[in-house]
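Annotated features, as they stand in Swiss-Prot:
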BINDING   Gly20, Val21, Gly22, Lys23, Ser24, Arg25, Arg127, Arg162  ATP binding site
BINDING   Ser24  Mg(2+) binding site
BINDING   Asp42, Arg66, Gly88, Arg146  substrate binding site
Amino acid sequence: MARLEVPRPATFVTLTGFMGVGKSRIGRELARALMLHFIDLDRYIERRTGISIPDIFRHLGEEAFRRMEKEAVRELVGKDYLVLSLGGGTFMDPESQKALLGRGPVVALWASPETILERAMRKPGERPLLQVENPLERIRTLLEARAPIYRKAHIHVSTDGRRVEEVVEEIVEKLWRHAEARGA
C-alpha cells in the first residue's frame with residue numbers, strides 16, 4: 001500500500017535547546033501538526049536501557065549518558081517522518097550536531113533562565129544538572145556556554161510566556177520559509 005504523501009515543510013525535524021524550554025511538549029504537538037512521528041531522545045534512551053536518566057547520571061555518570069545519546073542520534077538520524085526532541089546537552093556533541101544539521105531543519109527553542117528554573121522546579125529531582133546549591137546560577141552558566149552552539153540551528157523560537165500552540169504555529173511557519181529558501 002502506498003504511503004499518502006501530504007505537503008509538509010520537512011520530514012525530519014530536530015528540536016534543541018536548554019532543559020525546560022519545552023522541547024518535549026512542543027515536539028509532540030509539532031509532530032501532530034506535521035503528521036510525523038515523535039521521539040523524545042531521553043525517553044528513547046530510558047526505554048532502550050531500562051534505566052531513568054537521573055539514575056544513569058547517578059550510577060553510570062554523565063560521560064556514559066553522553067555516549068548513549070550519541071549512539072541514539074546516530075541510529076535515529078536515518079529515520080524518516082520524525083520530529084526528534086533532543087536532551088539539552090545532545091547538540092553539544094560535534095558529531096551529533098553535524099549529523100542533525102545535515103539531516104533536516106534544526107529548531108532551537110529559547111527561554112529565559114528564570115523561566116527555565118520555574119519549569120525545571122515543577123519536577124524536582126528529574127534534572128541532574130540542577131542538583132546544586134544555586135540552580136539559577138548553574139542555568140545561567142550552562143546557557144551562556146551552550147548558546148553559541150544552539151545558535152547554529154537553522155530556526156530559532158522563544159517559548160517565554162507563550163502557549164504551546166503559538167510556538168508550534170511559529171515553528172511550522174518558519175519551517176515552510178526554510179524549505180522555500182532551500183528550494184524544496
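Using the three backbone atoms N, Cα and C, a Cβ is placed for every residue, glycine included.
From a predicted model like this one, the values you see are computed outputs, not experimental measurements.
With respect to their backbone Cα atoms, Ser24 (ATP binding site) and Asp42 (substrate binding site) stand 10 Å from each other. Taking all protein chains in view, 16 other C-beta atoms sit within 10 angstroms of the C-beta of Arg66 (substrate binding site). Residues Asp42, Arg66, Gly88, Arg146, recorded as binding substrate, reach a greatest CA to CA spacing of 19 Å. Taking the Cα of Gly20 (ATP binding site) as the reference point, the closest of the binding-site residues Asp42, Arg66, Gly88, Arg146 is Gly88. For Val21 (ATP binding site), the nearest neighbour among the listed binding-site residues (Asp42, Arg66, Gly88, Arg146), judged by C-alpha distance, is Gly88. Here the candidates are the binding-site residues Gly22, Lys23, Arg25, Arg162. The one whose C-alpha lies nearest to that of Arg66 (substrate binding site) is Lys23.
The distance from the Cα of Arg162 (ATP binding site) to the Cα of Arg146 (substrate binding site) comes to 23 Å.
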